[in-house]
């Protein structure tokens, strides 16, 4: 699949019409050429795109004979091969293509030709066998043509020759709002790294394990690079090696030794604070090129980003996982930088699970962002930055599960933003910030389901905001706006909707109910003369507080008290 970000609303016209020529097949020309040369029609190319995700000539080496046999059951709506390119053979090929379409898949001859093409691609693989990371680096450095480097399931590790004058592999971002940029608190740290570089175009690296040291990283600057079936892991950096500790003790003064003995006898101190997280370097860095990661697993134990995309790079991630990270999980930074993630998981990161900023963009489909240890699940920041997400699960972040700020925008469809430990399911902040949620669930969060402040605008359609620690929706500050249509706000500990400080909210076709009755709650008090005391007041489920604060309620139901205080207005 092309790494460019496509709008969620876009529908491929080929899914609705017929494939009549190679011009109708969404492939680059170099990916069409081997198929044309084998006298295969465009319906074969479209079947590969649709069923196997074929997008680059490199993919041919990864397609098995069994997958090709399964293509025989392709959808007959693919259409005929009439006009299918110079290699299709004119009218005879058109007739054959029509017969194939009528039969509902690839004919045996077509399958055989396609198998031959894929076998030839597999024979072009190279397979280093030493397990030396330096040997792999030397091989990648001299590749100047489309080739598959098959690691044969081996682990590659060891030192890499330093590159004098090289600096950190960063994108030039100075911070993400999700982690400290450096110990200096300012510009990104620059440091020497041992880099395993893929600078050639059309290079595929498959089937193996890269075990990197904390000062090593994989950097991609080439185009159409594919990483498939890889585990990429970095070891944890030791803050003070035992050998160094012994050396320090052997050269210390008597006074130092006495202090050390006293410290050893004292109770164990609290664990040290987490190290500063770096946003200028990544375990895997994509800078300026295009790449796809398929069935990859990244284990990042250093305080850096697991996947860093910058410099206008574009990346696709399919069925891949970031399993723990000492820093942020995925960071996309800068104009033109874009990521598409499908069926991926980022979990147990120290920093933000995913950050999109500086005008970058991302499309997420069936992605899980889980348990950010210090920060947010997803951060979208700065004008021009945008995320479109469908079936996203953002759960268990220390702060907000999704945080959109500084004029960024986001569209969330059928998503779940749940169980934020300290903050909200969604926080939208700052003028120009715009967030739209459709059919989403925001529940079980420490404070609010959604918090809108600083002039941001949020539109919720068909959403459920329930069981949150304080409110379903909180809007605060002049210019902050929230529109809710067809939403349910239920069982939140406080208000369903609370606006303050000049914010506005509109409810259309919504239902607002309070927390369920507590059977263990004390009954109404009885006075000394036997008269029953007052029962506790019902919760204020819709509340407008402060001058300029306003809630407009249209065709909605509210099972509790509606309150306008301190100059606020509730328009029923």
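Using N, Cα and C of the backbone, Cβ positions are placed for all residues, glycine too.
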Segment assigned the feature region 'Disordered' in TrEMBL (from 102-137, 210-245, 246-281): 246-281
Per TrEMBL record, range annotated region 'Disordered' [choices 56-89, 158-191, 294-327]: 158-191
For the domain 'Right handed beta helix' (387-516), mean pLDDT (0 to 100): 96
